[in-house]
Each structure stands twice: as structure tokens, then as C-alpha cells.
């Protein structure tokens, strides 16, 4: 069945242009040919045919789109024609002519005419003749092009490929009378045997549906397609029969790297438990470290810093678990009890922004009891630093903002704060294909003893997840073990551990070894979106790869089996599944422990993993070249394996599925047969049912020499083939979806490379290309949505398949949508931002495309020699998988790919991994056996199949080799012009490079150029008589790739590899003319790779010219060697080499610095040689480097011819030589300036920078200098004098400030103001840090809002004056700042903090705190003096013998360059002050030695790397400058990682000899030498001479006394006068009314100043200062002057390169000695803490819970006492006396606690010093938040006292106490944030009731009592004046409490206790008892005496 559309013509077109049409049916599009320059009519006359498998439905649509074609940009749509095919289906034939519709569905005049035919199989519709309506025009146009809908659209705009390049092709048809279609073979009639196959798989097309691939006829290479000179030069030439080579070689995984993990444990809160002594344990992997123990507190404060150093591969590092646990009362004797733990893997931390969590709260949970809930929180910082990562830490100014625990949990973005417990079920079902794990000798021994031949492996599976391990049982002796067990992990969900490691291990008596490892990334098997799904996987087979299968006792590649590095062979496959169940922890029957459990599970059915299908893999080796000669010249063969199929070297147990298959077909399968099957011979072995058997390796063949380094195999016309049959579950859909996404991603990447290239080379219209890329992306994504939805009900689809499909579809839809949106926003000025956004798409696509459930294992190609495996390549099976749908097909399926073989495992690291072991041109095809009819269709045409002789009967047998009977002869011309930025391969720091060019089996080399990193070879290499096999037309579009390798020639030994690049030549066939636009080719830059790193660029062009029958005579002529010096070397011919023009390069020679020794001798008489493009100049000789390292002659120049195109400019080389005696020279070091662009001189633009205004300009400034806000008010009428108004009205500022502060929060405002005299430098510093923090926050807020503002910015696209733009930005700063605040207010609803601390204080003048080095803010101070590092020594790779870049620096050259085209315009020379000797370097200072006073201020260091065993350091400062060194050893600070130094140091120095300042921090040690913690180096000379005036920062305001005294010896007026003079500016003119005029600007300011005595004086200093602060706005001469500042510098340690060891805050002032001397240094010594005394009177308690039962009475009572202490001083705790026997919870104490302490007001910390232990040498200073803890206890005499409750009051902000006990409630603790707070430091005296709280069994806070207390704070002096006694003692004793009489102890006063307790309660009972007793007594007596009495009476006695 087929549908054919004949597109005749399009008429009534508008304008003139190139037209192209696109015809689409069922999502498959064809493109017409391009009609060039047509006016109103376009006659296409082309036919398109769709083979259709299912009947065409009447409702289906045909769509035709007509475009204006553009070679460079996206085609523009003219209109669309759509029709429903109902009529066609009925009639079978239709002619239509109709108008087109535009985008808005309105008809336009343009119309199209077409004919449509539809032919069904049964012939029910009219049958038409072959040639019926297709008359082919002349041969040239007879190509019609095919393209699937832009997903694979093969033309990447602007790269060198044809527009309609198809992915497979057929020779173009000659003009034979027949129609196109008769050339296709129509399929044979299907046999009955095929019939049932068809039934299974409806997705397969009929044979007769001419496989639509064959339809793609090819379009010629577009003659003027632009080529982008770029990296993409090779990679964008996506061709139809060849796939891209992978340019990067070396495997990056598996190589160890340095990592440092730093953890700061700050404090813990809300720990669950009573009165605990907590310790925090930090554990990373196996290493543990502990904090100190804090006594009896639930909220300990530690602030301890731990560092762990590792040297492991990244994968191992990121899988390590970081565990924080809190342990209660651990000591030497007992291990303590675990309170709770928190786990996260290192990879999660590393993937955070800045690789860190900063000040976040980790939530603790109990792993033994998952029902328990949260066990407390630890506040910590965690950072992971790899080499070269620098971590930006926000400033730690004060502890605020983070008290909001819920808002700052330690969790990655997007993880919910409430994590739940979950069970992870990992089912391990079975495995197959395991390798032997014993040697054959062992096997024979076993056989002899046991008498049976059992499998030699005892496998079990181990799963590691979140630090826990689970194992299955061991299956003895089994290659196909069946476990059917599940391992259950219980872990919080979502887990903070990303990977699960599943490993098959072999159980062994001695030690277990890994057989294979597989990692499961949980992010890939789950989706956390709102429509997401829990992790799920399988049941699915996962493949494991590792070392080769032949067992040796010492496996050198064992690491590969552990999962490190890329596996080099298939090891086994394992059937597993994963499911996750969220636990409901409230239910009763839940297991509360998290121990790993293992339990059996039922078997899964065979079909659960998919239907087993027979797959067919075919490969052909077209070429094997570049075989490393080290391998030797024994015969070489190649073996291809997929899984265990095809593997011959180790006997294989055949997969069970295959046995079953064989049994079904009635063949008994026994051991021998499987031996037979795998004993491949070169002939075909035939099986009984006619199935073919695999041939998996090529016949061995002796290699032939190519050149000194390489062999090749002589596969000339005979190309060997391999084929393998294998059986796998049919899970192709997974791979197809993956392929579709990969292709979209490849295309996107290629497009983005183009865009970046356009931007880099500054070509026009990058935005158009980006729009095209986004267009392709959105169509590609939409196409995915239509394609991926197929085969939904296939067998073996798992839940993950369904969920993943859903989420991929959603992602792709949204991506298509976003791409459209972004496309509409791409404008010229937003290209870069949008590019960043689109790069995120790329990552998303790559992430989605990675399929977690494997199906078919990867294919390995091994090179074998001598029976040994030498080198391999691994090819993912999805890349070569066939599909009938183009997008789904693997990108290398049915294509020729250049494959580079490499060494396995660790051998492949370093240089060994870069040398190619062999390069193969390999053709591979993998698909279902039943689809294999066209597995040869992608091969280059022109071959005959050579089948094995025996099997002639079988038609379908694949060939064992291909014989090419067509060959073409070519001449290759390689034009190698130059290379730049090469890798330094010699010890001199240079290389002696030459290039070796490989093409097919030929190779040639260029000449060697000695000692350069930028060789200009300018050489043409001609390869004659290159024979290539295949058809001419194919070779034209698809020539093989050229490999260029660059080597370093060594005098002895083999040349050393520098790097490699690939190129494709431009091909000319005999019929074509050698003329523009295609020829001659242009030079392009090719990126050179060395392993994964770039190693330079090569500028070259390559052309491949066919040699026709006439021989070489008809080729374009080659000019003979013109250079007599260079001998027979051909230069690059004129049409190709760049056009040159004359340039002059001026060099400023300033001096040389820090030259190291060369060959142990010191450098004494150095000289600098400058060379560029063969010309150069030498500096004057420095006569004595020690005395004066500067040059005597400053400026020299030379002239040189350079290319017009700036991008082709050669590099400039700077080399320093030392002139020794007897005319010897030694090279000291060299530097290469790769790009001269930044040194090109551009004359000043007279129009820019407001020169045009004749009038003066007014600038209005904001009163608050801390926030630099400006608004420009520019009056442009020339007459008016514009004014700059600076309002320095202090009162206004004050009010403003107050209002702002008052609005903030409900904090009470005290009226007292802080007076000026209390302010010191630190007030200024803390205020500034506050500002910096606020700016940082504002920047974050601004980033968030930037996106919203984007559209507005686009509107402002007009190129406004740059200045205005600048102001606009600054204006935004304030807005941002306020935004920052509001965002913060939203976040925190509670009490005032940080930003409000400086509540109503005087406005403090601020300085600028830079949180980085000052030079990074000011381009390294290279405004006119540049520093060039000089290198010597081999460049660093990671191999052992080379040095990292920092160590290769042997000195620095200071100078500058300036280049300009000659002749230069006149205006330069006319200037009166022009000094011709100085050229362009006018007005630069002289370079004679100069004496300078250097004053270094060091404030503090933060986060130092611990240097002592106790995890602390004892830091002190050492300052070195030249010969002088200051060691501040005696002032070391004990046991501190965040020391405050607060010191200034003065050093006198002479520039230039002493210009490198080193500030180091050392660790003091009692014994042994002190260790360096870290150091920072500052180049003072560049600062000194910089225009930014970095000698002494300019303060924000001018004052003559106080903390903000002006510290520069020059006053602002003097500085301004000097700057005006140097800049040749008019001014400054000070006018009346506080105005000053400089150039054409007028500024306003105040003119009064107060001296110390408060007298006001007139001064111009404020005015001058105003101008200085705005100096960057001054035209021409202006630049930003450095403000008063503090810079933060990273401390580095040479032993740990690249990893920060801490940071130091400091600044440097420099004063020339020939000027007036500066005043004394500012006092920045650390604030001394102030001594205070806190007196706490405990008056009463109430409602304390009653704990004891009375012995006698059973009443509840408590013996109450109160304990109190200040945080950090538990050992000084104080107790009241005991109020015994309180029955109501009331206690009366009248007891006074007295706590003396030292307090730092500014930091709000108590400072205490104490010895850490009895062994400590000296005291350690701690800074601790000021918190008072009060606890209430129940006293017990014979057992431990019982803790009842506690309250902790932060003395700076605690809630006011309640007036009465009744009003006091637990809300004071729970809602602390909402309540107004007081500070004892302001109030001085506070009295009230506060609640005591404790946690009950359910972990909730409950009220356990109330206390009435009075807090009174006094300074030490006040306390001395009015002393008081402790308790109730003198002086000032408190009266005794009026306690009830019951309050006493029974055994001290028993009578009293009887009276009070027994009598009081039981008196009536006692009285009654007594009365009763009396009665009884009477009765007794009565009874006793009555008988006697009676007798007496009776007897009458």
C-alpha cells in the first residue's frame, strides 16, 4: 500500500526568493528541492511516496507547507494547505488546486496544485503505471529530498551539510525512461512461514512496504552553506552513512581526586530527653569525630569545626554517607546512648549551590524507633570542596535569622520538610550469565575429588543503601542462581542518599569478591513532581559490566567489578525490582526498628520481563588503522560480543531462555551442543533447523606498517564481517524513547554549539540561530509525544515504564511549550541569558534520556592478538538499534562509525588512555532477526556479499565478508596553517610540536618547530593516490574522517602525544569546478583534545580531490616550494592562507618579578624577547636583577603582517632568557598571549561619554551613601549650569533611619541614645557587614525578580547611551535592597533580629566589605600594567610526573602591549604633550625604585583548617615583604578557628624589589615547628600604580577626629587637584554656596566641619570628597576610586593546591615616603569584653508539679529547689535552698544568684576563657550567646534529684515576665516569636513570672511550674559600689522566706514533723482513737475486775 503525492507547482507567490515545500502525512515529512530565485511561480514537479502499513482512513490529513528558504536562518512559512483524504480513499486518484492559508487561517492568494494517488494492496482501487506521472527533469535535479519532521532534520543551519540530507541513500537515478519507483525491488510474495510472524508483531511493515528508508534520495551539498570555524566543524557534519566520532577519549570516572569535607556543628536544640549531657558525633564513611560534651542541657552550643580529607574517585566520594548523631553522656568508660541520627550522602551536599549547606538545621530521627518522631535538631554547616571549587561563605556577622528552625531545615531544594518513614523493598529474583570465578586447575582438582563438574561460583547479592547493607542467601555452585528474596530497608523518604548499590558477590572462604556492580539512581526511578511517583523499578534485568571474564587469581581490573570506572566486559545480568511503601507510623503493628530484613518472595513469571525475541547483530570492519606498534606484529583479530554471545575465550553457559527455545523446536540441548554453538569457525556452522550460528570474530591478519608509530590491517577491497544471534527480552520501546530524546538533545547541543560559536566569533544574528534551535526543539518534543505513545500493552511493561512515559510526555510537552515561549523572547540583547536557560533544557533532556531499566546489554569490540585481549571499545546497544521509525533508530545504526579502541581499566588513565590503540571504521546493525532484511542498506554502496561456501542453500545467510569492486582514487590536501595554546610537553614549559595527519591507511607529518606552544607550520601536506572504496557520489558527501595528532618531538626517545582532533575534508569530484563558493576551502579552528581536556586549537583546511581518468593534470595546480630556506616544504596556497595587513605592536617593558632559579643558578641578567608571527623585539638587558628588576627603556615597537580577521591572529610569545657569561643564554620561562584582541588600540571616541554637551551637568545624589543609589537629572539646555546636589543633612538621615527601624517590628524602643564617643572602628565594621549581608540578600531577591523584569528590558532595546544605562542599573540597587527586606520580613514573622540591632543608634559611617579579594573586583589592577605569568616545566595532567599549573610559574613579567593598524590617524600626534618615545603609553609614571610605608591591617580569620589533633588551631600572623618578616608569635590565639586578630603592622619597602606581600596564618605548637595553615599573596606594586588609587581607600565622609578620622596624609582637596592635573581636566573650581566644578560637571555639598571642640569651620573637603566618590562619572579620565574597605582573602596552602584553608579579612594602606608622613594607625584591636554582673533573685515558684508521695499520708508533694547558670558556665551553677514538702507547688525562696561574666556588646556574646582539660597548656577563649537557664528540681535524699522543668532566657531578647502567676502561661515559650521582647542590657532590671517547661512522653512541651524572678544587670564598677551576698547572706541580705511550717525535714526535727504532718492531718483520728482506747481500757479493766468484785459482793466480804 502506498500514498503518492505529486507536487506540481505553487503560483501567485509574492516577491522573489528561494522556495521550498514540505509535504507531511502521518507525521512523516518530505522536503522538496529548493527552487532558487523564483518569482511568482514555483514549479516543483516532484513526487513523494509514503509506504503505508495500515489502510488510510478517510479522516486523515495531508499537509503541504511552502516556505521561503534561507540557508542561514529558519525558513519562513508562506502558507499551508491541508486536506482530508476522504475523496482520495474513495476514488484512489485526485487532482487538486487550492489556495494556501497563513498563520491566522485566512486564505492568501498563493495557490498550490497537486495530484494524489492511493494504491491499496488488494488492488481495489485503480492501479497506476510506474512512470505514469513523473517525468524526471534533467539528471541534476532528479534528487528529491526526504526529511522526517525536524527532529532529525539533518541540516543544522549554518553548518556544512546539505538541507535535505537523508539518513540513508540510494544512487541518484540516471534519466532512464522508467519512473523512479521501478528502481526499487518490489517485495517477493510472502510465504506462509512469514505469515505467522506477521501475526505477532503488527509493528513490522510488510516486505512490500518498500522500506521507506530506501526512499531518501540525496540532495547535493549546498554550494554556499556557511561553515562555522569551530569545534563543531567536524561534529556538525552529521552525515547519512557515517556517524560522529567521539572526540573525547579518556574515561573520567574512577580516577582519585582530592576532596575536603568540612562540617561545623554550631548548636543543638530541642533534644529529647531529660537533663542530658549531649555529644555530637560526625561520621563520614568510616571516619568519626566527636564534639566536646556539654553538661545537663537540651540545647548545647558547640561551634566546633571538623575537616575530613579524602583522596578517592568522585563516585566513591559521593556515595559516602555523612552521618550526624547525638549521643547522651558518652565518656571513656561507656559509649553513651544514642538520641538520634541524621544521614545524607556527600553527593547531595555537592549538588547544592556552592556545594554547601550553610547554617541549616538537621532533623534527628531515631533509627531504632521509627514511631518516635523528631528527636531534636542540630544546626550545622556542611561543605564539600573538590579541587578548584571555591566556596563562597556568607558572612557570619551574628546569629539571627536562623532561629526559625522549620524554615531552615537541612534539606535540598524541593524536599518536603516533613519527611516520612518508608520501606524500600528490593527484590532480588535471579541472575544469569555469571563468569567462572575459579581457575581451570582448581576445577580439575575439584573434579578429581568430588567426581562431578559443578559450576564454580557461589553467588549472593549485597545491596547497600543509606549506609546499611543487606545480603541475600548464597546459592552454591550456580551460574544461574535463583534467589527470589527481598531485602527491606527502612529509611526516611525522600531519602537524602541518591544511589543504591547492588552487587553480585562470590562467596569464598578466604574473601568474597565482587562479580559485578550496578548503581541505581533513585532520581531516575522516581519523580517528585505533583503528578510524580514513588521510586519503582522492574521487575527488570540490569546488566553488570566489569573486568574481562577469563578468571585470574590476581585480577588487575577488580576495581571495575566494584563499579569504579567503565566496565570492559559483560559480567552477568540480574533480575530485580524495587518498590517503596510509605509507612503509617501511627499504626500499632508496625515494626519500629530499621534493621535490614531479608525474606523470601514468590517467583515472577517468565513473561513479566517481556517476550524473548531473537536479535541479530551484524558488523562489518571497513578499516582498521592506527594500531599502536607496541602491540607487536602478531596476527590481529577483532571479537564482537553482546552479553555472553560471541564471547569465545571463556566457555559460556548458554542462557536458559535459549535452552527453552531449542527444546521447543525439538532439539535436545546438552553441553556439547552449546560448546559447538560457541566454537565459531570462519565457515558457517549450521544448526538442525537451518538457524545460522554466529561468527563473532574476524579472521586473524598480520598488520602492515603505516609509519613509525602505527600499523594498519590490509582490509583493502575485502572487508570482514561478523554476525551474532542472541535472545533477549524485547524491550525495544525503552531504548526507542531514549533514542528519540537523545537525538533531540544531540540536535539541541549542536545548535547551541553553533550559537556559542557565532557569539564567540562575533558573527551576525546569533539570536536568529537560537530561535531556529528553539523551533527545532519544540517540534522535536512534540514529535516525541506522538511517537512515544506506541506499544503501550506490550508484554513486560513495568510500572516504571508507564510512569516514566507519562512523566517524559509531560516534560516534553512543557519543554516544547517553554521553548516556544523563550523563542518569542529571544532578542539581540537577551541571547546570552536565554542561552543559559536553553542549556538547562539540554541537561534535562540528557537526564530523561537515560533509561534506568536496561534491556539489551552493550556491545563490546575487543582487539585480540596472541589469544590476549588488548584494547576495547564499548558501544551502547541503543545506539545501534534498528527501528522502522527514523527518530527511534539508534544514532549509529546502519552507519559507519569511527571507533577508537582504548586500554581497559586503570591502564587507560593518563597518557596511556590518550594514545589510540586502534581506529576502526565499523558498521553495526542490531535488530530483531525478523527485521533483518535490510541490515546492509547503510553500508557504502558498491560491494558484493561473500557468503560461506557451504550454506549456498540458505538465501538469508549474512556475508562473512564484503568485496568492494568500486574504488575511487583521490588526492588529499591538508593545509595546516598554525596551532595555538598547545599543551606544554617539555621541561622548558614549551613544546617542539609537529602534526601527524592520518587519512585512511596513509599518514604524513609536518616539520617540527622547536620551542613554541603556537607553531605556525604554514604547510601543505599532499596525499597522493588515496584509494577509497564505494560509490563516488557517496564519497563526495560522506568522506571518511581525518585524524590529526599533535606530538612533541623529543631528542631522545619517542615523540610525546599532545592532543588529537578530527576533521572532514571538503570533497571535489571530477565533474565539478574548483571555484567559489565551495573552493578553495576556508581555514577553520579545530579543538584539540587530550583525553577529556582541551589542549589547544588547530587552524587548518582539508580538501579531497578526485583524480579522474585524466590523472592529476586536471587538479588545481600546486605552487612549488617558494621558500628556499624551508626546502621542499609546500606552503599553504594563497587562496587559503589569510589576507594580511600591516600592524604595529608596541611593548611596554616595566620589569620582572619573582624569578626562580634556573638549574640551581640565580637569574642575574635577564632579558625579555617578544615574538609574534616571526617578527619581534628584545627588551633592554637588566644589568643586575637583584638591585633593580625594572627595565631602563620602557617602550619599544615592531611591525608585523597579521591577518585582517582578528580571530586568526597568531598568538604572541613572551620569553625571558638569562644572559650568562661567554654569550650563553638560558630560557627562564615563557608566556603565550593567545588573544591579542584586548590589546588592540581604539582611539577615544569623541562623541561618547557626554563630550557632546556644551552645558554643565547636574547629578543628584541620594543622602544615604551606604546604598549607592543615583538618579540622573540631566538638563540639556546649554545655557543652564547644571548642579550636582548632595544632601548631607545629618538630622534628616537620622529621622529617616529611625522611621525605617521603627516600622520593622514590635520591639520596644528605649529612649536612650548611644553617644558618639562609644563608637569605635568596630561599630563601623559591624554596620558595614550588616549592609553587605543586606546587599547579598537583595541580590538574591533581585535575581528572583530579574525574570519578571525580562520583558520590560526587552522593550528598552534601543541602544541608549551607555552611561544612562549604567545609571539605570544603579538606581535599581535601592529598589532591590528594599525588596530584599520585604522578602525577609515575609519569611520571618518573629522578633527583631540582626538588621534591627542597631536600633536607634547614631548613624554610623560605613566602609565597604568585599567578600572576595579586592583585585577581583578591579580586574587585578591591570588597568595599564599587566602581569604575565612565566611558565616552565611540563604542563599538568593528572599523571604523576608533571606539575600543576601553579608550580610551573617561575616568575612574572610586568608590562603591556598595544597594537594598531598602520597608518594611524593624525589626531594622536597633534596633542601638545605627546611624547613620541612613549608611543601609545602616555602619562605613565617612571619605574625607578620608590620607598613606601606599607601598613597591613588584619581583622580576623574565619573557618581555618584545624591544625591540631583536638580539631582546633592556635593561629598567629606572619607577614613577609621582601627581606622583612614580622612574626606575631607571642600573640597567638589559643584553640580558635575563627580568631579575631585586630592588629596593624607597618613595614617599609622599596618597590620594585619588594612588592609581593605575603600574609600567612601559622599554627603555634608548644613542641616542634609551627605549621602553616594558609597564606595569601598580594601584589602591592600593581595596586600602587593603579589608576583606581589603591594606596589608601577613600572614606565615605570626611572628619578630623573620632572613630572615622581621615587617614590619608593627603586631604580630599589635594587628591582631587592632583587627579585633575594628571587627567588634564579643567578644575576643580570651588564656587560659593557649596559648589564645585570639575570638567563640565557641578557638584553640591556641605562646607562646614566640626573639630574636636565642637567648633564649626569652613572647608572644601566635603565638596572634594563628593567629586572623588563620583570620579567614575568624569568623562575620559574618570574611573572608580577605591573606597575605604575590608577585603576577604582566601588562605591557601601549597601542599593542598586549590582547596581553601580558611579566609582572612584585612586591608592594606601604602604611603610613599617622599610625601608627608601619615598619622598613627587606626586602633582596630579587638573590643575587650566588658565585665558585668547579673544578679538573679528567685522570689517564689508556683504550680510546680508534685513528684513525691508522702510515706505516711500518700499525699503528692515536692521538695522544690531552683538551679540557675549562664550558658557555657554549667560548672558555676548555683542552687537555692530547698523548700520542703510543698503540697501546692508553691515555693518561697528569696534567694539570690550572682553571675559575673564578660560580655561583648557588639557581638552579643559572652566571652569566657577556660582550660579544656587538665592537660591543656593554656586557656581557650569561647564566645557563647548570652542565655540564662533556670531549672526547677525535686530534691531527693537517697536517690538522684528529679528534674521537673526549665526555661532558657536569651538575655538580649526574652519575653517580658507576667505580672502575676495567673497570667503566666506556656505561651511565653511557645509563641516567643510573636511576643514583645526585652533586653536586660537595655532594661537593666526586670521582674516577673516565667513558666518552666519540660517534654512529656509524647514529646510535647508541657507546663511544669512557674517562677517569679528578678533580673538585675550591673557593670563591674556599679557592682563594686553596691556589693551583695549570695543566697540570703550579707551584704544587703534578703529576708527569710515566709514558708509554711510544714516546710521541714522529718529526720532533722522529728517532733516538728509529727506536729505538722501527723497531728495536722490526723488529729481527729488520733483523738477518736485515744477515746476509743480509753473506752476499751475501761472495758478491759471492767471485765478484768468484775469477777473478783462479784465474788466479793456475793460473799459479802
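Cβ atoms are placed via backbone N, Cα and C, with glycine included.
Automatic prediction, not curation, is the source of TrEMBL annotations.
Feature annotations, courtesy of TrEMBL:
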DOMAIN    1-98  domain 'C2'
DOMAIN    241-362  domain 'C2'
DOMAIN    405-536  domain 'C2'
REGION    650-699  region 'Disordered'
COMPBIAS  682-691  compositional bias 'Acidic residues'
DOMAIN    954-1079  domain 'C2'
DOMAIN    1126-1252  domain 'C2'
REGION    1290-1313  region 'Disordered'
REGION    1365-1398  region 'Disordered'
COMPBIAS  1365-1383  compositional bias 'Basic and acidic residues'
DOMAIN    1472-1593  domain 'C2'
DOMAIN    1714-1865  domain 'C2'
TRANSMEM  1962-1984  transmembrane segment
Summary of DSSP states over the domain 'C2' (1472-1593), given as helix, strand and coil counts: 12 helix, 53 strand, 57 coil
For the domain 'C2' (241-362), the number of residues DSSP places in helix, strand and coil: 14 helix, 62 strand, 46 coil
Cβ pairs under 8 Å between the domain 'C2' (954-1079) and the domain 'C2' (1714-1865), at least three: no
Interface check, the domain 'C2' (1472-1593) with the domain 'C2' (405-536), three or more C-beta pairs under 8 A: no
DSSP-derived helix, strand and coil totals, residue by residue, for the domain 'C2' (405-536): 17 helix, 57 strand, 58 coil
Confidence summary for the domain 'C2' (1714-1865), mean pLDDT rounded: 88
DSSP-derived helix, strand and coil totals, residue by residue, for the domain 'C2' (954-1079): 6 helix, 61 strand, 59 coil
Helix, strand and coil counts within the domain 'C2' (1-98) (DSSP): 6 helix, 60 strand, 32 coil
